[in-house]
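What TrEMBL annotates here:
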DOMAIN    311-444  domain 'ZU5'
ACT_SITE  H434  active site
ACT_SITE  S436  active site
DOMAIN    445-586  domain 'ZU5'
ACT_SITE  H576  active site
ACT_SITE  S578  active site
DOMAIN    778-863  domain 'Death'
Amino acid sequence: MQKMAEPLGLRDESGEGTSGAPALAGSYLADNRLNLDVYPDGCRRFLQLFREQQGEVVQVEFLRLSSNDCLLDTTLDSLPHLKHLKSLVLKGGHARDEFGSYQHGSLTSLPPDLGNLRCLTHLDLSFNRLSILPSCILHLPSLRVLLVSHNRLVTLPEDFGRLRKLTFFSAMKNQLKDLPQSIGELSMLQDLDLSENALELLPEEVGNLHNCTELDLSGNRLLSIPDSLANLKSLRRLHLHSNLLVTVPASLASLPNLSRLDLQNNCLRAIPAEIQALPFVHVRGNPLGEMEPSPQAGLKSLHNVINSCISSGSFTVTSEGCKVVLACGIRFYFPPGAAPDPLQIYFRSLTPDPQWVKLRHHDVLLSRVLELQPHGVQFQQEVQIWMPYISPQTPHQHEVVVRTFSGQSWSDLKARVRRKRKSKKCVAHCCVLHFSWFLVVSRLVQNECKVPAEGTLLFSSVDPNIKVIFPPGVTKEPRSVKLQVLPVSAEEIQEITANAECRASPLLCLSQDSTVDFLKPVRIQLPLPPGVTGLNLDQSRLHILHGDLEGQTWNDITSEVVLELTHLYAVFEVTHFSWYWLWYTTKTYIGGIAKKVYERLRLYQVNFIALQRKRDPEQVLLQCVPKHKVDPVLKKLQDRYRGPEPSDMVEMFEGEQFFAAFERGISIDMDRPDCVDGRLSFIFYSHLKNMKEIYVTSPVDRKGQAVKGQVSFYRGAIPDSIPEDASRRRKGPDSLWLATLPIKLPQLKPRWDENPGPLNGFSFPPLNLGNAETGYLTQANLLSIARRVGADWQSIGLNLGLTYQQIERIGYNNREDLNKQILDMLFSWAQQNSEDPDCVSKLITAMKESGRQDIADEIDAIIELGRQKYSESIRRVGLEQESSTEDSAIAMT
């Protein structure tokens, strides 16, 4: 057995210890593994080692290099000399662009001599620019694992089957349009990932992969799959979702080891009974008997389809491009050629939730969350998106951006904003090359620049008196620097500190894209606090504070810097970036005061409202309202609601969770999807409506007396990165309570569901509006809804599409009984529209147009509960979607 080589740089050929370059080499290599992809200049280091200690470098068995390295081409020529190499990783993705997305490496080919590496068993060339597979790869006799995902491969070589020992092959996210017949010769292949390509047809020879246990063909353009797949007796997981399949062979049901078959989001109009009988098949997102809309359908029909959807749906984009308008006001423009082939786009409008909403300090959420799928699809041209949002209250110091997820991290897109003339609604316009999650956020205005070695000047557009001066030689390599300013008024400082003598400059935040300190001090100029000049200044009262990026600690660094004062400004020098704040006060422990002020600047003062509908006191409106909006909100609601005065003022962070609990004889439906342990869950966002209108009941006998109950509000989960003191105050049962407001339910009157008399003459067949996946509205649900309609029934009926003559006839036929009028209207409409797949959406829209948001929300809750139960039933039989096989592929590296 070959003896393991000594760690590089520990010994020379004579056995004596070495120094200098060999010692340096020892820090890079251990156990014949050379991992240089973690260094931005890894290729330079490799070339230095190869030049100075070639005898030891050629013994390396595991090598990792970044293909984002500018010296990669020079390094490739040295690799064929590493005859003992077993694993070679030349991945891109080690650098990011300005939007935070991973950049592909520069690798486009490999030297022919690389085929002489007879020991190589693992090769990873992911995230590069390969358009053809280098021919030298086919000459690697020991190769078992090959990863070429996230490249530009259009085809595979005809003799690809020469890699007889290959057990794992991933070519996901390429542009493959077909496969060579020789792929069937890979007799040892166990995992094959060809997802997210452009495959339209599979060769019959795929059925010869008898050892294949997982086959991923999702995200292609397959119209059919060959019957030969039924020969894959070892197959356990078959991923076929997001294709154009019209049918699948029934013979797949005979595969003995198959435990997952994913057929989601295809064009299947019929599924063989043998396939349907499988407990692990997943078929959501297929028309199943419906006519699939033509991809070439005109723009007008596309608008009609999308406008019928409320919060989710899909549409097809062709190479001709199109404009799309969603019912919620979101618009898209796909230019011609953006999608070279027909592509199905799926969209969802999500309720804001910390899972999707990633906010930083002083950020404000202005919209719902838009999810667009397929995630990560790269368009050939930029797609334009217009997203409506709520206008922020602080336009001067904040700017509006569209925040998106790149696959690894959240980043901000510059957005052009405008206000529509007629509706006066605000819209954010951005351009993207990929789809994921999108939301509109207001952040502190950000000024940025690239700092070269020659130095530069950066100043704030919010306060031009704030400047950052970078002298020549401040850095070797150019780096990006960002500057944000939070103005703080003298009134705010005095109110929070209760000290008229405390004053502070605007709060300055500096950040950079490098973890290395600057080579020379950087000069910062801040204006002196309001009312303070160089003429009346007492320098002993002036303090420069440095805060960490989370605002948890503030340190007085006045004695650590050289402070220069002018009539209007204070100038000092630093070598690293964070928060900086200039204070003028007689207080000694200024760090604690600044921490308190900073925390308060992030808090919102709010009041809770609990109102009952005048026509039906069992309909309760709950809302958390910022203090300055309380009076306008109450004025708007006073005609339809009444209730107690708003709660006392409390303070909350943007994105903080809170709960509403009904107590003392009042209860709600515990099956609501937003109900946690009997309490309604809310997330506070200062510019969105933190409002819910729900139907409450009382389990006690109310026929004889009214019920005097209450609703109490409690804190929920603590937001990320809130100040330590605030977190401490939010722990413990006493600190969770926020406010309590009274709720009174009047004496209960007999209802038609308790007395069958008024229902005499009304006999309807069972009704199920909707479908199994989204949840049904049953006859019992409609009865519950009817109980709450009241005198609004005529308006609701007209918005549902009933004619004036029908409304008058219903009113006349049941003129002595309001309950019968409501039942006749609602059930007559339901019977006429029970076959309409959009009937539930139309019912919700009619309720909203009639001013009955409370009933619309109740229907939404019923439908959401149906979705939840359906998902749970799917999960119980093991059909929930599995994560991408990309993770497993990466893990093998």
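Using N, Cα and C of the backbone, Cβ positions are placed for all residues, glycine too.
For the pair formed by H576 (active site) and S436 (active site), distance between Cα atoms is given as 34 Å, rounded to the nearest Å. In this structure the alpha carbons, written CA, of S436 (active site) and S578 (active site) are 31 Å apart. Here the CA atom of S578 (active site) lies 32 Å from the CA atom of H434 (active site). As a summary of secondary structure, the domain 'ZU5' (445-586) carries 14 helix, 59 strand, 69 coil according to DSSP. Of the active-site residues H434, H576, H434 has the largest number of other Cβ atoms within 10 Å of its own Cβ.
The number of other CB atoms found within 10 A of the CB of S436 (active site), across every protein chain shown, is 19.
All protein chains considered, the CB of S578 (active site) has 15 other CB atoms within 10 Å. The DSSP breakdown of the domain 'ZU5' (311-444) into helical (H, G, I), extended (E, B) and coil residues amounts to 0 helix, 68 strand, 66 coil.
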